[in-house]
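Worksheet for the structure shown next.
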């Protein structure tokens, strides 16, 4: 510890302990950062991001992921390719996110644009998960139906917080990267806790029991809808709904025709689609193959929780070092690293790690940390870019549209990965061609580099759409619309309304 003596004006001196000062900065730095965001963006926005992303999606999502994998494998007893294809279906509600966005923007219920949808999302989530957890011998497709309903509940809650981030990114462009860092850190910390508990909980209460526990994060969503402050919209004419839907559709189509919008959107879809998802094949090999590690449930959860540290490191690295770099350069290097990181899975499948004296447990922990860190670094600049592509007036709906394109890419990736596992005959008991699936996936991850010309070269803090696309209003229109915007976006600022 270093101690320095500094002179005071009155001739005295004070001892400054640098070690303690640095430690205080490390501890107080994040607190000051959160206070700054709360001051600039309103405390309820920060609270909403932490609640929905940290608890509902981070903690609840990670628990649900592990529970779903074991539920499909041990309860429904499906093949890995079938499991991957079926679970991808549950993501369909995320593809139609623009519908939820339009509903919350233009269709108030009992005079409120946001509160009823939060309450509805929470109720749907609680009911669907209770049905899965309490029903014995539930048919596969009925279970899939209720999983899709719970996914829809999470998507409805998510779309409101989405719009808030998009709106604030436009009003505070210098804080766009900070907002994405907050979202990522909340999600990563929640996932860290969720994955850490997931294996233990699956072992203690089973996958169906975990579904029952997941009702609590959804109950929190309903509580958020009950307690947050939102201005009441008096005398709303429901005859306007059809016209507002039409206007929103025209505005989205007009914006999508702009090359500054459709080009990066196309790149995001291609990048996600070509990164073939073969997770279920690897998961079955980790847990069931005699030639594999044969990990227990607790071990799987612990490995995934440690892997979440990679996401936290990525969010921290992005916030401190990478948030000011150009979009195209970041996409180039993260995509290259993403392809190279997949080779770790190939080393594991060939069991080369054992030849170098590295046990499976240690190697997979390193693999998971590296994979999640690079995956998060690859994703964050795309999120920032997405938030900056949203025009005024339809921030929530258009952000939902762009994110639905990304979710469509993820679903396509899962389906293509499932098809590849099926073609290569990777089953519950046969894993002879799993190495080939991993190799093909790694090569496919390089192909998006051919489409980097679609990504803008601009800096993350200064990039913006042309004014004619952003839809700036005249002075009279601003005065006329200010009240309406305050009503429709107050929940974005005064509660937990959009990401």
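Backbone N, Cα and C atoms are what each Cβ position is placed from, and that goes for glycine too.
Within the set 209-229, 230-250, the record from Swiss-Prot flags 209-229 under the feature transmembrane segment. The transmembrane segment (209-229) and the transmembrane segment (43-63) are in contact, since at least 3 Cβ pairs between them lie under 8 Å (pairs 6 or more apart in sequence). Residues 49-50, 53-55, 57-63, 65-67, 70, 212-213, 296-302, 304-305, 307-309, 311-312, 314-316, 376 of the same chain lie 6+ residues outside the transmembrane segment (185-205) yet bring a C-beta within less than 8 angstroms of a C-beta in it.
In summary, the transmembrane segment (399-419) lies against the transmembrane segment (266-286): three or more C-beta pairs, each 6 or more positions apart in sequence, are under 8 Å.
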